């Protein structure tokens, strides 16, 4: 039943629309067509894995997130006019009743509800019911019921891959759907078909009659070679038997021939009338399909809003897919939350259209969003991560920024204020940068402190060595200490000795100890003074007591060496700092 290759005829009217086109629309679904598509995709997998049902689940949750209200429509009984085709497909013999009347002329045929495909339909209906998707069981053809709902404007479109939906009166038909990045739907509008091709519903049914009369295999060749003139010839051929019957035969032979011709023409007329009856049955099946009326209780029931059954869905996914409840929630709860937010946005936009500028806390329905956590970008789109109010245990998820702006712009304002306040707390006023001159001054101060530290270290070391340095022994006949031990490097002793010889005073042992306690501090960074040799007269040699310096302790020498090493390292460190700053 229907017109073959109708999709090819409508190819020029095909439109590919983004998946977002289905937002806030009510769409009915020819469930049998979807299950056939999903089963073909999953043919390479075992049916026990139920991949067809998993694909249906992901397809449905993507549409739920767009607040697309869905209605499943299933096939009922097989129409009487399609019984012969149905049996031919299943290789079943044509049944004839005891009175010789073919039962396909009497009533429709009930489908086998125990078949494998019927079981798949039952599973899909259970899944849809848990997701809040109602199902309308058709009386006969599901596409006919979808077309009626669409033509009566009870839904915005219908999903089906059966082109008969146009002959049943469908206006907006979605043939295919693709999910993922850049998801889309393939759409056909009857308005485009009428405008571009000049075909309406009645003309399509007339075309169906012509195709049946000529044959599916040659109709396109006839149109290509003769145009539509062959259709007029078929109508004119019906009048020939009437004109031929008025002629009288001239002899008996002619009468016999005419009688034979008459029988043949009568048979042709009978066949033509039977064929015309079939055409009328086909046209009547399209014009008056057996469907639930638009005002019936069954239709009103599926048009009502059905709740989401959270626990039931967890059980079904655990039974069919062996998923734990956490995995089911991960897949479906963010989509349910986004759908509820879209519904809240629709309610708010409707109130604005009515002139009611209600604040967020004045809305009759509580906003499902608790607060915005942070700003996100998903696949190049601006989004927000939000926390939810009483969303079946869902804490946070990501929603589009434009949706949040239309639903609750106040939440965005609060988020921006919190973020600005947080920035002020985390980023105090920046300290003014020190100038180069200030930096140089600080470097000089550090250098001076290090130098003082060096001098203090040497002073402490000398003061520690002074008690040990009661090493002056008075010997009248001994050589001067400088001459007896020329390797002495103690600058303090040299300084004192130089001073004593310069003034020519007599130095006693007590005076040497006293002078050693009064140590003069000399900058070690400055070069050591040259040792000056002075000629002493014999008179002075006789009057001056000579001093012999004796190292009384080995630890003193070791301490001096260690002290010199540390002082040398400290001087090297100070020079390095000074070079770096310069």
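Just so it is clear, glycine is given a Cβ too, placed from its N, Cα and C backbone atoms.
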Correct range for region 'Disordered' (source TrEMBL, candidates 234-258, 259-283, 284-308, 309-333): 234-258
Helix-strand-coil residue split for the domain 'XPG N-terminal' (1-96), DSSP-based: 50 helix, 16 strand, 30 coil
Residues of the domain 'XPG-I' (129-199) by DSSP state, where helix covers H, G and I: 23 helix, 19 strand, 29 coil
Rounded mean pLDDT for the residues that make up the domain 'XPG-I' (129-199): 93
